């Protein structure tokens, strides 16, 4: 309709603007620190990918608004699947000339991205993926402030041993546990570590059920199996839709074990609370802490924590969820403790600075300390056990982080709830 | 025995949901010989419609059906006029990619407008149960099952006993002969597509109390819908019903008696077996697939 001339004009404008954009980024390389941000912000992982990106935005804002700060500039890309993760990370490195990348949330995405970053000697600062293999391959340039999948299990089992078994009046060796998890890397990784920790604590695992989260539209058979086993504790690893379907159908079928303890993901998002309201009360969730007792934090972490909540609400018009806070906390460490000190995103210098970090537990808004081992895994990522109470996910263990005491142990039957 | 009965009932109820999702697909396929890859995304729109009517106006999802269904019917007509009708006589590659494009567009539109949250309605009806002795029957699934039955029967009556219905079947059997007899193919196709999508409005409203809604929820159901439709026979209503119930039953039974992660393996084995024995599906007419893929 517009003819060839119009198309050519458009093309010319496009070319010109991209050229100018290229120039300006080259010119500003000296005085701003360009950091790649790669998350799935579309597709089925979008919910958490968007939350991560938002959290990182806030970290950037806080650091940039400080006087004399070296400005951080974010170059954001969308990586909804493994193919695009490879392509976009490649593009960040070769076209955008980025030397430090924050990513990637999905474990398969992070694994794929890390291959590219390592080969190009670029830093991958992973803030959400939990696959233990990510930091288990001796890569030089991968750093992960958050705990890996194998730290959920021991934390859950410790809570069961120290808090649940005395409350139920049973010895740990009498606490019968059933595992229920989605059959992806995350589910397998977490439950493997849980099994190991339970064995160590002498707790019997009486059964394990796994299912595919993307194709499961009915959980009756799973719930009936659990009814038959009748475990004291149900230890679950679930994503969003399956976590919601499970609890809904458990209620319909009148099933409730004495304790439900989840490991991050599905039970950690605000959607879980919204979907169930008071019915979610009593569900335990081991993960990084959302709402914790800020007295356990250092004064600086406490102040950053408050600022984060205030700014997030203002910028995005809603409350942050857990994963946004975790991403924020880890990105803040990178921006403030690493990049401000090095003054450059040069991977060798960033690596040296990151390895030299030695922050005690309580120095981040999520309560962790920071100390990386040679593989880039943070060894001070403290897990917290939280519980849904009155529609809020509150820290209940360890005690110094606890906001409140655990309730509903054992869980009441569905018809005996208020 | 109780367990077996419970599994049987849950399997049939799950099958009811699959039937609801599949009827529209099989109708559109049978009549127009096009494969709607955006089927799951229309379902997603239907579910979001019902969800927001509840969230914003407190409308019972079973009442919102009366709004969502016509809305999706009209959306179906619009999509037909703007996209499907223009590609129907083109090569299949064109049709396939226009639907895939539509699917990507819908998903990302939902992502922008509704965010990637996993939402459920927190309404007492969603966890309501009917007790029959030791058996628990999920109320929303039961309603979905009953409505699936009613829809199928109504659609059957419509197709076999009304003039328009007969015209639709005529168009399905022989496009050119029907045109020669004075049937307006374009109108019939538009109507069929509208009905096929409209039924997803019913499905969406009935599924909102059961499942959580998110932009890619369609992917959770669309593969199953294709399995059901091919298993039952392309374009066959009774096929969709039997196929849906069969898959629902196989899923629940195999995930209890074998393992939850094995259920897909089991129903795909059954699927392959049936297609070996009856290449046109359980109720399929010979040549339905060839005609569609010519």
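Backbone N, Cα and C atoms are what each Cβ position is placed from, and that goes for glycine too.
Record features, source TrEMBL:
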TRANSMEM  B:6-30  transmembrane segment
TRANSMEM  B:37-56  transmembrane segment
TRANSMEM  B:62-80  transmembrane segment
TRANSMEM  B:92-115  transmembrane segment
TRANSMEM  B:135-161  transmembrane segment
TRANSMEM  B:188-211  transmembrane segment
TRANSMEM  B:223-249  transmembrane segment
TRANSMEM  B:256-277  transmembrane segment
Highest-contact recorded stretch vs the transmembrane segment (B:135-161), from B:37-56, B:62-80, B:188-211, B:223-249, B:256-277, CB pairs under 8 Å: B:188-211
Close approaches to the transmembrane segment (B:223-249) from elsewhere in its chain (Cβ under 8 angstroms; 6 or more beyond its ends): 8, 11-23, 25-27, 29-31, 39-40, 148, 152, 155-156, 159, 172, 267-268, 270-271, 274-275, 280-285, 288-289, 292
Top partner of the transmembrane segment (B:6-30) among B:37-56, B:92-115, B:256-277 - counted as Cβ pairs under 8 Å: B:37-56
